[in-house]
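**Q** Questions regarding the structure given below will be posed in turn.
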Amino acid sequence: MARFQMSNLVGDPFALATVSIGMLAWIIGVVSCSIAHTKEVVPNFFWWSIAYQLCVLVGVAVVMGSNTSHIYGTAVVGYAAAGLVCTTFTLDSLVTSKQGARQSAGAGLILLAMTDIVWIFYFGSTSQSGPRAYIDSFAPHKEQPHSYRNSKPISHSYTPRPETTVSSAHPHMYSSAPLSGFETSSPMTGFNPAAASTTGLQPVLGSQTNASTVGGETGEVGQPTEYPYRAKAIYSYEANPDDANEISFTKHEILEVSDVSGRWWQAKKSTGETGIAPSNYLILL
């Protein structure tokens, strides 16, 4: 579980600025309305809005301090939107008042509403969006969007992807080494050795006819039918356009994996698309 670190909050200019402005606006609203309450009763809904906004402020500070915005971003958007609605309803009775303390409290709530709008836009955008990527570029501890060809996790000694032909999956299918006696390695059915001896015809091993079909089936290896593992993408990956076997995926996308023994994993997306993916871009769940 991610832990709260003050360095994440202080080292992120956006987080530090928005949380600081929100806390300052909250203090202005509470102090001003407390003063106004001594002269005139303040609606109870205002105190509920102030208490709710404090919870939103603390929640956003914890999320940014623990660097878990990619996990709780959707929840923050919902809570900030609800806080924006509460603040907007409270503003009317404060800004239109002739009392200075109430107007000051209204100014504080306006700042809170503006902060909520900024948070809704930030947390509601994906990390691949231009504005958010630009904002996150000022925070060194945040992950940046990666491209497969420009990313550092891939080393130059990365092994090639596995072959998907019959010869690699079954290296002895067309070899006569495992056989003995007068047996033939030809996968053709209906071959009669006695008839071949009388006609003088001999099977040619490794011929085009032998490798083309096996009982009417093509020589390509079928896709796996079971995907017992689930993996999460820790980086975005763009498939090589020259290789139809690779698949593209985005950061934090969940994939189903059939085998985790090699450097390239056979994966299946939620859309049903299948292909191979680099294992160091994924983490098992």
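Every residue, even glycine, has its Cβ placed from backbone N, Cα and C.
So Swiss-Prot lists these for the protein:
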- 226-285: domain 'SH3' (DOMAIN)
- 141-170: region 'Disordered' (REGION)
- 1-12: topological domain 'Cytoplasmic' (TOPO_DOM)
- 34-44: topological domain 'Extracellular' (TOPO_DOM)
- 66-70: topological domain 'Cytoplasmic' (TOPO_DOM)
- 92-103: topological domain 'Extracellular' (TOPO_DOM)
- 125-285: topological domain 'Cytoplasmic' (TOPO_DOM)
**Q** What else in the chain is close to the topological domain 'Extracellular' (34-44), if you only count residues 6 or more beyond its ends and a Cβ gap under 8 Å?
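**A** For the topological domain 'Extracellular' (34-44), the sequence-distant neighbours (Cβ-Cβ under 8 Å, at least 6 residues beyond its ends) are 90, 93, 97, 99, 101-102, 105.
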**Q** DSSP on the domain 'SH3' (226-285): how many residues come out helix, how many strand, how many coil?
**A** 3 helix, 25 strand, 32 coil
**Q** I need to check the long-range neighbours of the topological domain 'Cytoplasmic' (1-12): which residues 6 or more away from its ends have a CB within less than 8 Å of a CB in the stretch?
**A** 19, 61-62, 64-68, 138-142
